[in-house]
Amino acid sequence: MASPPAHRSSKAADEELPKASSTFHPSLWGSFFLTYQPPTAPQRANMKERAEVLRERVRKVLKGSTTDQLPETVNLILTLQRLGLGYYYENEIDKLLHQIYSNSDYNVKDLNLVSQRFYLLRKNGYDVPSDVFLSFKTEEGGFACAAADTRSLLSLYNAAYLWKHGEEVLDEAISSTRLRLQDLLGRLLPESPFAKEVSSSLRTPLFRRVGILEARNYIPIYETEATRNEAVLELAKLNFNLQQLDFCEELKHCSAWWNEMIAKSKLTFVRDRIVEEYFWMNGACYDPPYSLSRIILTKITGLITIIDDMFDTHGTTEDCMKFAEAFGRWDESAIHLLPEYMKDFYILMLETFQSFEDALGPEKSYRVLYLKQAMERLVELYTKEIKWRDEDYVATMSEHLQVSAESIGANALTCSAYAGMGDMSITKETFEWALSFPQFIRTFGSFVRLSNDVVSTKREQTKDHSPSTVHCYMKEHGITMDDACEKIKELIEDSWKDMLEQSLALKGLPKVVPQLVFDFSRTTDNMYRDRDALTSSEALKEMIQLLFVEPIPE
């Protein structure tokens, strides 16, 4: 290895804070969510009462559905899930899914039905074969679908993205239908609901969309459909607006916590992104019962952001090593190990973890021990990356991912979400499984790492950073940065296939475990698809406005 380059001296670390970097723009939201309430707040009690009535009305519709009317039943389940209502009907939907899976007596020549059935079952954990699409292939390599049957074309395109390795028929379906949908889009009225659906799918296939954002965007489209169910539509609007009220209360709480953290710790150099971090984590745990998960996740993400900025940008190597030594002690007595500017943050971090235990109560406070273990491992890996940086060491891609797929925080995030869940199916065994960093979680971690690196490498190459996976791939294969980024995008695509295959093979775990990992993947894809939206958060402003500021008109 090369000898370590000269780094910033920590001589004055106890006397002054690290200087703020001009890289990070200030918060776009300031104190907005400390005081904001959506205009629907005064009607909350009436909204809840009406929503309860509608939920039971829709439940009757769902209970009246049978596989004898398969197209209608499949479409109803898909609609409820897209509108963000699936959570309320898990038992009814699970029963119907089993019947749909077991019933092979359906019209296998109906491309729309075949596509929707395949999509629905694979999305919900059924390993159905893809050869159901072979009969639709033409001699020219395309798929038989009448030019006017645009709905079937779109359904096939979205279904094909639930693909596994080696499923050539789905590879071909994607390439064939994408071209036809792109051509179709040019002939549709841009503002028509179907044009919006096609455009959304070409940008992000249905399976990869963030659930709560999809609900917000799909409700106005569903409202225009001739076959809409009025009770379902009204419930979807009320449900979203009620969730928005909860989200704003949680944002107020998290914003107040963050402001106190920064004011007392005086760490003004870190990225001020608590609203964006809540938005990101909300995308993984948006269902109504997961309020505590959203709060824990947001605070953990805030803590990780501070630690990451200390290690990656502002702290000296010596200071970061001192922090790592103190971190695992989880005790105020360890502050003597720290430079002055880290001491207040360390105390506030301990108080935050204690607040998690208090919120969980005696029966579930044990979960915080697992969360602490995940965070200890994260900081340990940060120190390894600092050593690589100081030694100018560029690992191979495989060696890098052995560390960085975990140091991206995959375990800390999954354990944070599981910790806050009221679901008693989350047990000690669930946490022990997650902390063992099984292949499914490792693949998710690699996905997050690669997604982050491919959009942040060019920005970070001008600073004193550890080499990214992009740099590792460039050196290992002797190619340009642009070529390496294209290859990494292929690896990201492969990660979706890997995660699907691995999730279908999982046994003995609560259903929420793989669901959560996919929801994390979706919200991460939304954050990093075209840009690093956490660091440069202007791209998120409109989405945040839609989710947390603007109610859906009734």
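The first residue you see is number 1, and the count goes up from there.
Note: Cβ is positioned from N, Cα and C throughout, glycine not excepted.
Under the DSSP three-state reduction, D312 (Mg(2+) 2 binding site) is assigned to helix. Applying an 8 A CB threshold to same-chain residues 6+ apart, the list for D312 (Mg(2+) 2 binding site) reads H465, S466. What Swiss-Prot lists as Mg(2+) 2 binding site is D308, D312.
For D308, D312, the entry in Swiss-Prot reads Mg(2+) 1 binding site.
The Cβ of R449 (substrate binding site) has 25 other Cβ atoms within 10 Å, all protein chains considered. Look at R449 (substrate binding site): DSSP puts it in a helix. Residues or ranges marked as substrate binding site in Swiss-Prot: D308, D312, R449, N452.
Annotation source Swiss-Prot lists motif 'DDXXD motif' at 308-312. Nonlocal intrachain contacts for the motif 'DDXXD motif' (308-312), taken as residues 6+ away from its ends with a CB within less than 8 angstroms of a stretch CB, comprise 18, 267, 269-271, 319-320, 323, 342, 382, 385-386, 465-466.
Taken from Swiss-Prot, the feature Mg(2+) 3 binding site applies to N452, S456, E460, supported by similarity to another entry. The Cβ of N452 (substrate binding site) lies under 8 Å from the Cβ of I408, Y528, D532, each on the same chain and at least six residues away in sequence.
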- Message: Measuring Cα to Cα, how many Å separate R449 (substrate binding site) from S456 (Mg(2+) 3 binding site)?
- Response: 10
- Task: Across the whole of the motif 'DDXXD motif' (308-312), what does the mean pLDDT come to? Round it, please.
- Result: 91
- Task: Taking the recorded substrate site as D308, D312, R449, N452, identify the other residues of that chain whose CB atom sits within 8 Å of the mean position of the site's CB atoms, giving them in sequence order.
- Result: S404, S407, I408, D453, S456
- Provide, as an integer number of angstrom, the distance between the C-alpha atoms of S456 (Mg(2+) 3 binding site) and D308 (Mg(2+) 2 binding site). 14
- Mapped onto three states, the DSSP assignment of S456 (Mg(2+) 3 binding site) reads helix
- Item | Same chain, 6+ residues apart, C-beta under 8 Å of the C-beta of D308 (Mg(2+) 2 binding site), given in sequence order | Y382
- Counting across all protein chains shown, how many other Cβ atoms sit within 10 Å of the Cβ of S456 (Mg(2+) 3 binding site)? 19
